[in-house]
């Protein structure tokens with residue numbers, strides 16, 4: 001298994017689906033074999049993949065349509081399906097062992113399990129799930145057991161918050177904390193005021209408002225780090241930027257620590273066990289500096305502040321699209337070795 005490429009299929013070619021495809025196609029240890037999306041043609045799929053307003057044009061190899069069921073990335077053929085019902089997608093025939101479920105629709109265990117009927121061996125849901133086990137790379141992926149066929153990669157915000165919370169809790173202990181994420185626009189929002197029965201504020205124009213919103217990201221940290229269960233909660237502000245978000249974690253510490261000691265601990269971890277997952281910067285950065293950053297969480301040492309040795313506000317950036325999509329692939333690689 002070690003030298004063989006891991007074969008992956010993607011269901012749903014939206015923001016995350018397309019970026020997961022970009023991540024896969026730039027790596028040597030994984031291979032994209034199939035994409036399913038019932039709502040777009042292969043021609044349109046090519047266009048959407050090739051041109052990206054945030055991450056720029058695809059420049060790694062030529063992409064063309066071979067026929068209505070096949071895309072060519074350079075010489076590499078990728079099978080295209082347009083099937084609505086997940087259990088009818090012939091993943092097995094396409095050779096896909098892992099399926100990335102990125103439609104945003106089939107996020108619970110039973111719905112995602114439909115992919116197994118078509119021959120997939122494992123499914124990774126690229127969203128939080130109410131009942132599938134959630135894994136955050138760098139935090140709890142070592143708890144994955146090979147008999148788990150359906151897992152969730154949690155949310156982009158949980159992937160940013162959990163590594164930071166883990167370091168702080170391991171080193172200083174968290175009594176309790178509140179998180180705010182200042183979060184870029186996502187596809188569920190509206191370009192102008194429109195109907196949104198479940199979330200009235202969420203129906204207001206995305207490019208013109210700061211919109212308070214709920215997020216389960218902080219509570220989900222309690223699922224991946226049980227020792228923090230019930231100690232964290234949070235909310236979100238949706239703001240008119242297209243990508244990159246930032247977590248503000250305000251915590252009460254068990255063990256008194258100066259802000260410099262906290263910085264030192266985070267810096268150490270960012271160069272050690274969490275290298276590539278948790279970053280550390282003392283530069284005067286702003287959000288666009290993190291477009292295309294593949295780390296889950298980049299701690300901004302200059303932006304945080306301490307009120308006392310037991311009460312601090314910590315700030316950490318994340319490319320909520322690219323960083324998260326990279327983790328989806330990392331989780332698959334980890335699962336394949338289990």
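A Cβ is built for glycine as well, from the same backbone N, Cα and C atoms used for every other residue.
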Ask   = In Swiss-Prot, the residues 155, 156, 157, 215, 216, 238 are said to bind D-glyceraldehyde 3-phosphate. Which of 186, 191, 258 is said to bind at that same site?
value = 186
Remark   = Of 27, 84, the one that Swiss-Prot places in the same NAD(+) site as 15, 16, 37, 320 is 84
Message = DSSP on the region 'S-loop' (183-206): how many residues come out helix, how many strand, how many coil?
response = 3 helix, 3 strand, 18 coil
Message = Just to be sure I understand, if DSSP states are collapsed into helix, strand and coil, how many residues of the region 'External loop' (56-75) fall in each?
response = 0 helix, 9 strand, 11 coil
Ask   = To what whole number does the mean pLDDT across the region 'S-loop' (183-206) round?
value = 97
Query = For residue 156 (D-glyceraldehyde 3-phosphate binding site) and residue 183 (site 'Activates thiol group during catalysis'), what Cα-Cα distance in Å is obtained after rounding to a whole number?
reply = 10
Request  = Could you measure between residue 160 (S-nitrosocysteine) and residue 320 (NAD(+) binding site) for me? Cα positions, answer in whole angstrom.
outcome  = 9
Inquiry  = Taking DSSP as the reference, which of helix, strand or coil describes residue 238 (D-glyceraldehyde 3-phosphate binding site)?
reply    = strand
